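Features of the protein shown, as given by TrEMBL:
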type     : residues                       : note
BINDING  : Asn110, His115, Glu120         : oxalate binding site
BINDING  : His113, His115, Glu120, His160 : Mn(2+) binding site
DISULFID : Cys33-Cys50                    : disulfide bond
DOMAIN   : 64-214                         : domain 'Cupin type-1'
SIGNAL   : 1-23                           : signal peptide
Amino acid sequence: MKKVVSYLVTVALLALASSLASAYDPSPLQDFCVAINNTNSAVFVNGKFCKDPTLVTANDFFFSGLNIPGNTATNKVGSSVNLVNVDKLPGLNTLGISLARLDFAPYGLNPPHTHPRGTELLVVIEGTLLVGFVTSNPNKLFTKVLNKGDVFVFPIGLIHFQFNIGQTNAVAFAGLSSQNPGLITIANAVFGSNPPINPDVLAKAFQLDKNVVEYLQKQF
């Protein structure tokens, strides 16, 4: 009986270790694995095919354009995010990192969202941002006003936001601890899912009139 219990405990611990090991981008077992979509002469690693190393060039590790301000006029919240992930920079594959430029119009907002696969490290280049994140239950808010040169970290998976509280444009850059950190914008996910969540569910969850929920769903 003791041997059976010991075996089950060992299996459980190994399963836990395996799940923890796979929770983040895998460590590379080679110098690089430049991602390609073409399967010819390629090896499959981390969801991407590796380009033949003899065909890799410096351009595979290069991206240009983060000096160009994003167009904040094209969305209702007055912000623009240009994410450089593995889809735009193939050399990032297996390296566990990505980068984003964030532009804000006056009083522009990067609304509450989460990156399920990456921690975010933000540095303000211009302007003044009110930023914050909320922990898992009991949902404590950590918030701070950031000025030029200030840095703030948003832990992996937690809901966070950035809001330009100044009367001028603001610019920030963010590093993320995944080649593909993912993005879930809370309002869009809750009120703009496809197909939509049953309004009765949202009315009950948010303690709102059903007509209010249906109005909110129409906004997304």
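From the backbone N, Cα and C atoms, a Cβ is placed for every residue, glycine too.
Here the Cα atom of His113 (Mn(2+) binding site) is found 31 Å from that of Cys50 (disulfide bond). Counting in whole angstrom, Asn110 (oxalate binding site) lies 9 from His160 (Mn(2+) binding site) by their C-alpha atoms. The local packing around Cys33 (disulfide bond), expressed as other Cβ atoms within 10 Å of its Cβ over all shown chains, amounts to 25.
Restricting the recorded positions Cys33, Cys50, His115 to those with a CA within 10 Å of the CA of His160 (Mn(2+) binding site) leaves His115, listed by sequence position. Ranking the binding-site residues Asn110, His113, His115, Glu120 by how many other Cβ atoms lie within 10 angstroms of each Cβ puts His113 at the bottom. Listed in chain order, the residues near the oxalate site other than Asn110, His115, Glu120 are Ala100, His113, Thr114, Leu122, Phe154, His160, Gln162, Ala174, Leu176, Pro181, Leu183, each with its Cβ within 8 Å of the site Cβ centroid.
Every protein chain shown contributes to the tally, and the Cβ of Cys50 (disulfide bond) ends up with 21 other Cβ atoms within 10 Å. The Mn(2+) site is defined by His113, His115, Glu120, His160, and by the 8 Å test on Cβ atoms against their centroid, the other residues of the chain that qualify are Thr114, Gly118, Phe133, Phe154, Leu158, Ile159, Pro181, Leu183. Counting every protein chain shown, the Cβ of His160 (Mn(2+) binding site) has 22 other Cβ atoms within 10 Å.
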